[in-house]
Amino acid sequence: MRFSLSTTAAALAVSLAFAPGWAVAWEKDKTYDITILHTNDHHGHFWQNDHGEYGLAAQKTLVDDIRKQVAAAGGSLLLLSGGDINTGVPESDLQDAEPDFRGMNLVGYDAMAIGNHEFDNPLSVLRQQEKWATFPLLSANIYQKSTQQRLFKPYALFDKQGVKIAVIGLTTDDTAKIGNPEYFTDIEFRVPATEAKQVVEQLRKTEKPDIIIAATHMGHYDDGKHGSNAPGDVEMARSLPAGYLDMIVGGHSQDPVCMASENHKQADYVPGTPCAPDRQNGTWIVQAHEWGKYVGRADFKFRNGELKLVSYQLIPINLKKKVEKADGTSERIFYTQEIAQDPSMLKLLTPFEQQGKAQLDVKVGSVNGKLEGDRSKVRFEQTNLARLLLAAQMERAGADFAVMSGGGVRDSIDAGDITYKDVLKVQPFGNTLVYADMKGSEVEKYLAVVANKKVDSGAYAQFANVSLVADGKGVSNVKIQGKPLDPNKTYRLATLNFNALGGDGYPKIDTLPSYVNTGFIDAEVLKQYIEKHSPLDASQYQPKGEIVYK
């Protein structure tokens, strides 16, 4: 398949229900207009935020308008999601993302890729979500260990006016490492690129599609430099024979894939400005940031077996910028024209929002400054919010020190009142507090592993009551509670079951004789700590350079 670019491209891929058979093939010398719309990393944001940004109601209005435009021009349209529908907004989490899947039905999604956060719950919850969805959830590289069979549909087929489109779903094989090990006892995540090659070759022999799209949840890493993460879209595109994939529509890294130059994304993409997707080995690669902040739109022309991208854009969904006024005050204004909320979507989602808010808008405490939990911070440096979480865990477990993955801190808490919703946004996974007693010599070995997890990954460790120097291989100058580590003394470590079972590649400690799973949910532990110690002084939890990296 030959591609030529007029502007730029994208589409977050995944696939739809299997077609019973292909209709009449495309006609020679006839041009077919095909539009791919896409989103990814929705993470429970079915409702607009407090500033009136994004949300499925405005998304539906936009998508409906585009559908009308495309239909009027005689074209065809697919709407795809790159996965991670689950986890991030308490109103959604408490209802197992039912409002999100039902809302996606109403928007008219054709298919979605399965993301790693679809496994934040037991498989039974994901199976229920499949029932709620009127579109298929796809992944070609997730297998059941006991049967060696795929757990989900690997691809879906679409016939768009005789143009045959296959969409393959792929999930990061990091899922087994970054997800809850308790849920993966009979599940394995195989290498996506290997499975993609097999499926493409199968499709070429059997279905003979004109266009093949990989809907992936693997991440986009500039120039294929994925660090401690599993290889992503760029690496896969380079590893496959040229022409195997026409497009990769991705997610997971939660980036607007808008290239500034070859192999380098724009560092700070401004909503509403031009966006050029990546291209590797003849394959277009796209991603639409996160949370439904954008709908990606790729407009193609297909003629005589050639697919040409004529335009691409990321369309902001009511995103706003903060501007300072002459009187010293500030206001938020839209980057682009406001999109009205669809009444039918509001009617569907309002009961879910009300049910969730009734449980969540309860004040549990207050804080006099921001508690930092932004993704751009907790995966790179020690933060005061992580210290607060760990302080709560230490107090409940009677521990000497505590450790957790930075990726487990999911949001910040602003100064002012703290609600139960705020707590659940920070810790949405429902992990349990665990502890284990270890000799100082064992502690040093443990810290040597976790302290050297790479920055810019969810595994990056957050610490409390620990000071040390990490050099990439080991640790030195280790102190617990400000005192030098005694190799013969017994210390109690508090952490979460996710890490204790080997999540994020941490040493497994669940086999230690002293290991105890308290059964206390992390968010509930944090909630009770805040209630007990409010008003909180944010400065008391501020890191003071205890963790040094060489």
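Backbone N, Cα and C atoms are what each Cβ position is placed from, and that goes for glycine too.
Checking the candidates Asn49, Asn116, Asn281 against Swiss-Prot: the one annotated together with Asp84, His217, His252 at the divalent metal cation 2 site is Asn116. Record check: Swiss-Prot places Asp41, His43, Asp84 at the divalent metal cation 1 site, and the matching candidate among Gln198, Gln202, Gln254 is Gln254. Listed binding-site residues: Asn116, Gln254, Asn499. The one with the lowest count of other Cβ atoms within 10 Å of its Cβ is Gln254.
Checking Cα-Cα distances from Asp41 (divalent metal cation 1 binding site) against the recorded positions (His117, Cys258, Cys275, Asn499, Gly503) with a 10 Å cut-off leaves His117, in sequence order. Here the CA atom of Arg379 (substrate binding site) lies 18 Å from the CA atom of His117 (site 'Transition state stabilizer'). Apart from the site residues Asp41, His43, Asp84, Gln254, the chain places the Cβ of Asn40, His42, Gly83, Gly88, Gly115, His117, Gly251, His252, Glu290, Trp291 no farther than 8 Å from the centroid of the site's Cβ atoms, the recorded divalent metal cation 1 location. Cβ neighbour counts within 10 Å, taken over all protein chains shown, single out Cys275 as the most crowded of the recorded positions Cys258, Cys275, Leu501. The full span of the recorded substrate binding residues, Arg375, Ser376, Lys377, Val378, Arg379, Phe498, Asn499, Ala500, Leu501, Gly502, Gly503, Asp504, taken as their largest Cα to Cα distance, is 26 Å.
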